[in-house]
Amino acid sequence: MKVVYFLVAFLALASSIAFAYDPSPLQDFCVAVNENNGVFVNGKFCKDPKLVKAEDFFTHVEPGNTSNKLGSKVTPVTVTEIAGLNTLGISLVRIDYAPKGLNPPHTHPRGTEILIVVEGTLNVGFVASNQNNNTLFTKVLNKGDVFVFPIGLIHFQLNVGNVNAIAIAGLSSQNPGVITIANALFGSTPLISSDVLTKAFQVNNIVIQNLEKQFL
């Protein structure tokens with residue numbers, strides 16, 4: 001009987017791992033199309049392979065405009081930008097930072113991120129889950145340095161230099177998603193009840209209202 005329980009537990013674990021990331025494709029490619037007259041795979045309809053062309057696997061990324069409050073710009077290259085990424089389980093972003101620019105704390109619910117610094121110096125980090133005591137793992141990265149942000153964990157990058165910085169990050173999903181923590185908490189639609197936020201952050205309602213004004 002113990003053997004049976006072990007096998008059930010093992011199969012359950014294997015199943016959870018198998019479905020934790022984008023499923024492996026069963027064809028060479030499945031270029032996404034908006035029409036609904038194709039084969040539906042991974043949230044997108046597939047273009048007829050006979051109609052696929054090189055442009056379906058190509059895009060061009062310009063430097064991002066960092067003239068904003070955060071001093072950063074994330075330019076995604078996901079299945080939305082390259083239809084040929086559909087079912088392939090990868091994507092990337094280019095991140096531009098002004099001096100002291102910040103890519104604020106956020107999480108990718110569907111993808112692990114691996115980042116390389118192309119130019120500049122970044123202070124990066126991620127916070128482990130509650131079961132690991134919300135431990136902060138942080139490192140200062142220079143040109144050529146690489147850092148990994150595990151799937152689902154809150155992470156950030158801050159340009160600590162006095163010049164512009166650039167990073168490229170790969171993600172383990174064609175559509176990893178992004179949740180910016182401050183926007184989600186103080187700029188949701190509709191707003192989260194102030195009763196919830198004042199109790200969660202142990203502050204008064206005036207503090208919450210002032211924070212919410214930043215995201216209107």
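The count begins at 1 with the first shown residue.
From the backbone N, Cα and C atoms, a Cβ is placed for every residue, glycine too.
According to TrEMBL, the feature signal peptide maps to 1-20.
Cβ neighbours within 10 Å of CYS30 (disulfide bond), excluding its own Cβ and spanning all shown chains: 26. The disulfide bond feature in TrEMBL is assigned to CYS30-CYS46.
According to TrEMBL, the domain 'Cupin type-1' annotation covers 58-209.
Look at TrEMBL and you will find ASN103, HIS108, GLU113 tagged as oxalate binding site. Sequence-distant contacts of GLU113 (oxalate binding site), defined as residues of its own chain at least six apart whose C-beta falls under 8 angstroms from its C-beta, comprise VAL148, PHE149, HIS155, ALA169, GLY170, LEU171, SER172, PRO176.
Feature annotation from TrEMBL assigns Mn(2+) binding site to HIS106, HIS108, GLU113, HIS155. Within its own chain, HIS106 (Mn(2+) binding site) has ILE154, HIS155, PHE156, VAL178, ILE179, THR180, ILE181 as residues 6 or more apart in sequence whose C-beta sits under 8 angstroms from its own.
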Around the Cβ of HIS155 (Mn(2+) binding site), other Cβ atoms found within 10 Å total 23
If you count the other CB atoms within 10 A of the CB of HIS108 (oxalate binding site), including all protein chains displayed, you should get 24
If I restrict to non-local contacts, at least six residues apart, and a C-beta distance under 8 angstroms, what lies near ASN103 (oxalate binding site) in its own chain?
LEU70, SER72, VAL74, ILE95, TYR97, PHE156, GLN157, LEU158
Cα separation, HIS108 (oxalate binding site) to CYS46 (disulfide bond) (Å, whole number)
25
